[in-house]
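Under the heading disulfide bond, TrEMBL lists 37-40. Residues annotated as transmembrane segment in TrEMBL: 12-29, 41-59, 66-84, 110-134.
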């Protein structure tokens, strides 16, 4: 099935979100020398492949290729929200999940609420929403 221009644009936007999140992550660790905690590493493991997955999906114009990326985002969004909760909400426990670098450390805190896990949550959630929009568009086009 040929993709509409809007669907192609959404696929490209999904790739852009993953690419910017990956570049941001690498910037903070390699340039700014922020040491990632365990939860940050897990979020990276979930985010980095999205650049390739959505890039291939866009180049091949195939939404089905993007499905694994949607699944990774489904895992990444609640994980990043949990990580954000550890940073911002009193009483949320990490139960020994974090190692030498505490998961509560806030290397950045723009406007009092924007931290690295918050940015990851926004990226994962945006990608999920865009994929759902694509699915709804395709369902509408088929009926």
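Note that Cβ sites are derived from N, Cα and C of the backbone, with glycine treated the same way.
Listed stretches 41-59, 66-84, 110-134 were compared with the transmembrane segment (12-29); the greatest number of C-beta pairs under 8 angstroms is found for 41-59. With a cut-off of 8 Å between CB atoms and residues at least 6 apart in sequence, the same chain places 25, 83, 103, 116, 117 near residue 40 (disulfide bond), listed in sequence order. Residues within less than 8 Å, Cβ to Cβ, of residue 37 (disulfide bond) and separated from it by at least 6 positions along the same chain comprise 98, 99, 101, 102, 103, 105. Using a Cβ-Cβ cut-off under 8 Å and counting only residues 6 or more beyond its ends in the same chain, the transmembrane segment (41-59) has close neighbours at 8, 11-12, 14-15, 18-19, 21-22, 25, 65-66, 68-69, 72-73, 75-76, 79-80, 83, 117, 120, 123-124, 127.
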